[in-house]
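Student: If you scroll down you'll find the structure; I have some questions about it.
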Amino acid sequence: MELKKDINAVSIDMLLIVHSEKRRAAQGTLSDQQANPSSLLQRGGGFQGVGNGVRRWQKLEGNDFHENLVEKQHPQQPQVITSYNSQGTQLTVEVHPRDAMPQLLKKFSLAKRLQGDKNGNTRPRQPGGKDAHAYPWDRSSLKSMSLDLQQFEKLDIYASQVTAKSGLDELVSDLLQEAHTDLERVRAIWIWICHHIEYDIAAAQEKDRQAFKPTDILRTQKTNCDGYAGLFERMCRLAGVQCMTVPGYSKGFGYQTGQSFSGEFDHAWNAVYLEGRWHLVDSTWGSGLVDTITSKFTFLYNEFYFLTHPALFIEDHFPDNKNWQLLKPPQSLRQFENNMYHKSEFYNKGMLSAHPETSMIRTVNGKATVTIESCAPTLFMFMLNGKQEHGLLSLRKNGMKLEVYPPTMGTHKLQIFAKGNSDIYSSVLEYTLKCNYVDMGVQLPAELHQPVGPSWFSEQMGIMKPSHPDPIIHTSDGRCSISFSVEEGINVLASLHGDDGPITEETQRRYIFQLHREKQTELKVQLPHAGKFALKIFVKKRQEPGNYIFVFNYLVCCANTKVNWPMFPESFGNWGQDNELLEPLSGVLPANRNVPFKLKLHGIAKVLVKGQDTWPLTLNHEGYWEGSCSTAGCQEVYVMVLENANHNFYSYILKYKVNAQ
């Protein structure tokens, strides 16, 4: 219908209400309480059964090691469609359940209308082309607009400390005391909600869903995702900032890789209008997390969900209206279901991309490879079916590489965790791994921990310039020698681990002999048999108390079944870090032989080798103590030293066994 301009014409907002029996049947009849005009939204909080009675849950982003969770909510947002003719006449159509109060009628009854923009418009405009951001993400920023978070420090502190003394109007007024732009107003509201409103776990567990009113939220300081979104919208409107609540699907707890979404929406968030464009926020996921073990909410602020770049927001938020994706091109529901889900901590910890880019991956010849690119050095770990086994994870300067070898055919769960400056690893990625072939030739030692091979982290811990930069060492004769520079004041400890049954901690170190030459450390390794071994490297600051810290390990492989090397000699506490043994290196000496000895010791007055008899060693011009001793008639041979020439007390430093005749 065309309306001609006339001086006597009257502008009329026409409301057409269309009842859908299918929509009503799918969503159910709302209660009288939910239809209350004072309700923020025509939907309840908490969780409800879905289909076969399985409950949906919503994860409050925060990503602790236990995958902390809360329940998903089910928005039932009415559809509002607005069209304009060439003369500017507006027709608004709303589709909603039969027994629900129309949203537009409720808006007409509000005592306070949304403050208009400069053009006098009272209703927020729908998103258009100028709001859209390019997809995929261009890596330019985690935010949809340029922000300097340091400029918010004073405002954030102020907003987080404001208390709700009475009503919502006064609260918003107090928050705006230090906010002078629309961006600062939105920031103050966001910070206050994220630091004061906790997720209402008890309400979420009730069978009857309830609508959360702003007055109730302020009184209890609790709500669900509907309440978070509704409160954020209401406070923004009171502050004169255009804001909308957006319902849709989300990838929270309970989400299974590759799952399909249908039926009722399970989450709600907000779009806010700033500097001529729409932007996205989720105060529910910005506020904290719920621990699955204790079922307690913990405030854990997550900056990621404030003005998130739409190309990142779409990874776990799919709106009911594709225009609210704010993307060009928009993603389909099928794409949303199939796309890789990078959790917020993936980006919070500086990661940029992961390969493969699909959440479902298959092994090739029994192996799957995952790589991650990051903008800064980051520590990683992984779990395959809940265990840190069957994989080789090597750190790179800007990321990591993981090779996984599933031990059985079938479907496996692969989780990847990352750690920034904190001491807590956070879940950042999850893959579903399908394996149709097992490489029986790959049997990794159970004691092979992560990471494998030297990296920026080992340099940071004082180990530099390794002779073997690769994580895997192959030896044909069962022996190898590894050397590296060691930072001043750092002690190094190494141990060898196989899968041939339990062995003592002492035995684990007896197949490694450690030599020190100035700032250079050499590890001589002899394998007891063929197989795969984990060579673990530990460090400790010499002047500090405490235990040695694990840094990395090598995977040492030998296929020669004839290998059967004995242990190295046993060393005692007086064997110094800078001592050097040239011979004999075998810890087991032949019987009835004269065995040559040669070693370098520092600060020693005399050296003796004691078998059945005692033989002195002499100091040559190169600084080595050398000589020989007979193994006849003895089972053990000791090397003893006298540190002070004025004393007669000798200390044992090395012990050898003699083969039985």
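Cβ atoms are placed via backbone N, Cα and C, with glycine included.
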Student: Scan 28-47, 48-67 against Swiss-Prot and say which stretch is down as region 'Disordered'.
Tutor: 28-47
Student: Measuring Cα to Cα, how many angstrom lie between D282 (active site) and C225 (active site)?
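Tutor: So the Cα of C225 (active site) lies 9 Å away from that of D282 (active site).
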Student: Cα distance, H267 (active site) to C225 (active site), nearest Å?
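Tutor: One finds 6 Å between the Cα atoms of these residues.
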